[in-house]
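Asks: One structure is given below, represented as structure tokens, and several questions about it will come after.
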Amino acid sequence: MWLRGLGIALLVWIPAALHAESVERRCRAPELRDGYFLPLNESYPHESEITYGCDTGFKPIVEGWWARSICRNGVWVKEPQCVEEKACLPPDIPNAENEKKSKDWYENGSEIQFECKAGYSFNKPNNTARCIDGTWISVSDCVERPSACGRPPKIPNAVVLQNQHQELFDEYSKAVYYCKDGFLTEDEERMKIVRCIFGNWTAGPTCTPSTRLGTKVTEPSYIPIDNCGSHPLVPNGEPLVHRSDQLKYTCNRYYKLVGPEIVRCRSDLTWSELPTCKENYCLLRNGAYEELILTKDEYILNNEKKEFECLSDKYLFKNYAMVRCIDQELHVSECCNRAQINLRMC
């Protein structure tokens with residue numbers, strides 16, 4: 001008997017539940033000001049569609065005189081809306097991004113600012129668009145920078161970390177290559193950083209089978225550093241007694257540490273491998289670039305940049321050049337005024 005009762009209960013409950021779910025997924029008729037829609041109903045089932053138009057002097061918030069909206073789970077997707085004809089829809093500027101979150105429409109007289117995506121710059125000295133009588137004016141195009149780079153090239157036995165959807169990269173952008181398991185770069189490292197310089201990527205790694213695989217290294221025994229005598233000299237480096245059995249080396253400014261940071265005294269009274277302090281700067285010599293105003297030699301750390309003023313007799317406004325040190329090579333930009341620099345036209 002109880003099975004029969006359960007069956008009856010299910011027969012009553014399931015249609016009721018399905019009806020409740022169906023009602024929850026229906027959409028009420030939209031409240032559309034200054035417009036009209038078809039078909040006219042009090043409510044609409046899930047996935048149903050209406051078509052709407054606008055009264056004289058108004059237009060839909062999509063291109064064209066007619067628009068469509070779909071009911072999904074009780075909500076109108078692309079909710080019907082009519083705006084004044086003089087309003088503007090969001091402008092479509094290829095390879096540009098709105099500095100603020102884009103709206104569905106903009107009032108007549110509105111202004112919005114854009115930024116070009118990486119690898120692009122404006123072809124006019126203006127990144128502001130203005131809505132005038134339903135049309136955007138003063139709209140610049142984002143054109144490919146000559147100094148930009150495409151995607152980093154594929155290299156055998158290596159993978160590159162990058163944004164898979166990015167087609168262009170600004171000058172001085174970085175990409176990281178990783179050798180696959182069992183392979184190392186020519187410097188016996190797992191990874192190598194490359195940079196975009198004047199439209200080309202610097203040389204990537206050559207990943208070859210590691211000669212270190214399968215070898216076993218016997219760790220030597222160490223004793224207090226006092227037993228090895230005076231601290232070993234590392235040019236442009238300074239030793240610091242880290243522990244009684246360790247020295248820790250740091251490099252002077254404009255130098256970087258290459259090799260082990262920690263040095264120890266072996267039981268055979270010899271020092272473990274010493275690091276070196278490698279030059280980590282570029283030297284911009286006074287007088288080497290005639291357009292730059294320099295009063296002395298300038299040192300620039302690797303991967304850093306400095307701005308220098310350019311001689312003013314050639315330009316109407318003050319101009320500046322950006323000097324970068326990339327892999328210990330100087331890269332000097334052309335002289336540009338502040339507006340060109342801010343708009344990334346230079």
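Positions of Cβ are set from backbone N, Cα and C atoms, glycine also.
Bear in mind that the values here come from a model prediction, so they are computed numbers and not experimental data.
What TrEMBL lists as signal peptide is 1-20. Sequence annotations record features per position, and here TrEMBL assigns domain 'Sushi' to 25-84, 86-144, 147-209, 226-279. What TrEMBL records for Cys88-Cys131 is disulfide bond.
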Asks: Restricting to the chain of Cys88 (disulfide bond) and a gap of 6 or more, list residues whose Cβ falls under 8 Å of its Cβ, or answer none.
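Replies: The list for Cys88 (disulfide bond) reads Trp105, Tyr106, Asn108, Ser110, Cys131, Gly134, Thr135, Trp136, given in order along the sequence.
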Asks: Using DSSP, tally how many residues of the domain 'Sushi' (226-279) sit in helix, strand and coil.
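Replies: Residue counts in helix, strand and coil order: 3 helix, 26 strand, 25 coil.
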Asks: Please list the DSSP helix, strand and coil residue counts for the domain 'Sushi' (25-84).
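Replies: Residue counts for the domain 'Sushi' (25-84) by secondary structure: 0 helix, 29 strand, 31 coil.
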Asks: What three-state class does DSSP give Cys88 (disulfide bond)?
Replies: strand
Asks: Let me check the 10 A CB neighbour count of Cys131 (disulfide bond). How many other CB atoms are there?
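Replies: Excluding its own Cβ, Cys131 (disulfide bond) sees 21 Cβ atoms within 10 Å.
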Asks: Please spell out the DSSP helix, strand and coil residue counts for the domain 'Sushi' (147-209).
Replies: 0 helix, 25 strand, 38 coil
Asks: Please work out the mean pLDDT for the residues of the domain 'Sushi' (226-279).
Replies: 89
